[in-house]
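Participant: A single structure is presented below for examination.
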């Protein structure tokens, strides 16, 4: 049975505690649920109801529920997508790759996809903040425009019927809420032209208003064609342009998407109709059920739930950011001398373009892997799983190598460290804080988190091993030293000190450090594969991954995918190509920022370049935490951190073999201390398998302290 959303306060004490533990990772509710604990419980636990898990089994069984991870899906395609993403440890993309059955959606989601042609029994008051916002932003000037067009139609005389229609539409669009526009059928016979003014209308249940009574002189013949021509030449283009502006503006604001639908439907369904077929009525005036086709009926101008809205499976935010990609590419390659915009603007646009492109890449990966077998899914995830970050890093290293500038390599190292620190501290900490606002205490799979923590310890130790080696055996070289005490044997103050690995013609580096780097770059991916074998083959009971669809009311429906495999492949390739272009523009225009900015290059790499590509994952983690599924929020951060150390860095080292760059696997002391301290703190917090908002606050505060350290740190030597 479906768990009772009101809680288990009515049940026995022991059963309620167990059920709360089991519900700590339960996420099989609402339209946002993907993963969760699968447990059969009575809807209302009472003395006569079915016993709960602790009443039937031992405490060990109940404890096993806490570490259970169940993939709940509507169909086999969704289950395959979730299973592949979870098995490979790659990023969890929230969007569905299949269309969810309409009857299984909540009423809130159904309202989002309404065509604004449904009359409700009781919609409540129409005086809301969103409706007033519509009046202030669009209603007044749109109504005034209709009045002006109506006057112009009356002046032409032949357009008088359309002028009368525009006059009525001016009142409608001033405040369209609680009103309805209908498409009425006009009888073929012209007997209605001879009817009196007081004739009763069966359609409206009362006297027929003068404007909606068919007139013989506008029904056929020359006057009808002349009136339509005047309308199409003078009135319709102006109003269509105005409605288009309203539609685009409201769509970009997202919460005002109902206004965009209203304008689009008015342009396509109302304005092309002859005036005699348009009927505008206020719902309070309707005493009998309305007959005929309802074209427009709107009650609310704003809906805060439109952040869930999707177009062909694509979230509305990703749709709205797609024009930014086009603007970025046009400005970047057409305006190369920076006549129209500055380098800072182009760099900002390039970073913003990375977010929707990473979303499309993730959706394409999920669609292909969900419709393919295990081998294809593994290849696609391994090939394109980190394409967003690697594209930017490789482009920056190439540019730095061509210019002979070491700053680009230092920025890449800062971005790698920033991603590691942010995903270990900021992502889970923020999820704990926001999830703790709704849930007093959250539990997660401590054993699976322990496996990820062990991988993190191994990866961080392997990545920074060459750095520690160089600190021990390298020669300290300083750029400038001053004698503070004016005594040859006194104290010296030195600046720009670093460990020189190229002493004696680079014997230390080429004979010792470089072989160590290559060895680490081979061992880290091997350790990652061993970790996959551990979780997929020999110790699958730790994760207890299985597919469950018994709670999903739409499990009997066949899957209808949004993107076919070929379409997903084309989108994946195009998004990757655009990502490469945007990364090239970002690295092209970051040089003036690095040169002229007073902010440390460390800070720019750790914050902007590291966390902007991870914004979709941060949003996903917050959504999971709000649904009391903190296990996924933690896994998101851990998976990204493991990818950085065990996949991205070895790939960059492998790239430097074929294309020599300034990138060496030797980090500054600040990067080493920040990364190691972050991993140790995270493991300490996650040791007991439960957390609250206070522990999340600690992680977030430590992250901001490290950001302050990077902000006030001097720039790397040579930059």
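For all residues, glycine too, the Cβ spot is worked out from N, Cα and C.
Worth saying up front: this structure is predicted, and the values here are computed from it rather than measured.
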Participant: Given 374-395, 484-505, which one carries TrEMBL's transmembrane segment label?
Facilitator: 374-395
Participant: Near the transmembrane segment (449-469), which residues from the same chain, at least 6 beyond its ends, have a CB less than 8 A from one of its CBs?
Facilitator: 420, 424, 512-513, 516-517, 520, 523-524, 527-528, 531, 534-535, 542, 631, 634-635, 638-639, 641-642, 644-646, 649, 664-667, 672, 675-676, 679, 682-683, 686, 689
Participant: Mind checking which residues of the chain, 6+ beyond the ends of the transmembrane segment (415-437), have their Cβ under 8 Å from one of its Cβ atoms?
Facilitator: 389, 392-393, 456, 460, 605-607, 609-611, 614, 617-618, 621-622, 624-626, 628, 630, 633-634, 636-638, 640-641, 644-645, 648-649, 667, 671, 674-675, 678-679, 681-682, 691-700, 702-703, 706
Participant: Are there three or more C-beta pairs under 8 angstroms joining the transmembrane segment (516-536) and the transmembrane segment (640-659), sequence spacing 6 or more?
Facilitator: yes
Participant: Please tell me whether the transmembrane segment (340-362) and the transmembrane segment (599-619) touch - that is, whether there are at least 3 C-beta pairs under 8 Å between them, with each pair 6 or more apart in sequence.
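Facilitator: Answer yes: the transmembrane segment (340-362) meets the transmembrane segment (599-619) with 3 or more Cβ pairs below 8 Å.
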Participant: With the transmembrane segment (516-536) as the reference, find which of 229-259, 568-587, 599-619, 665-686 contributes the most Cβ pairs under 8 Å.
Facilitator: 665-686
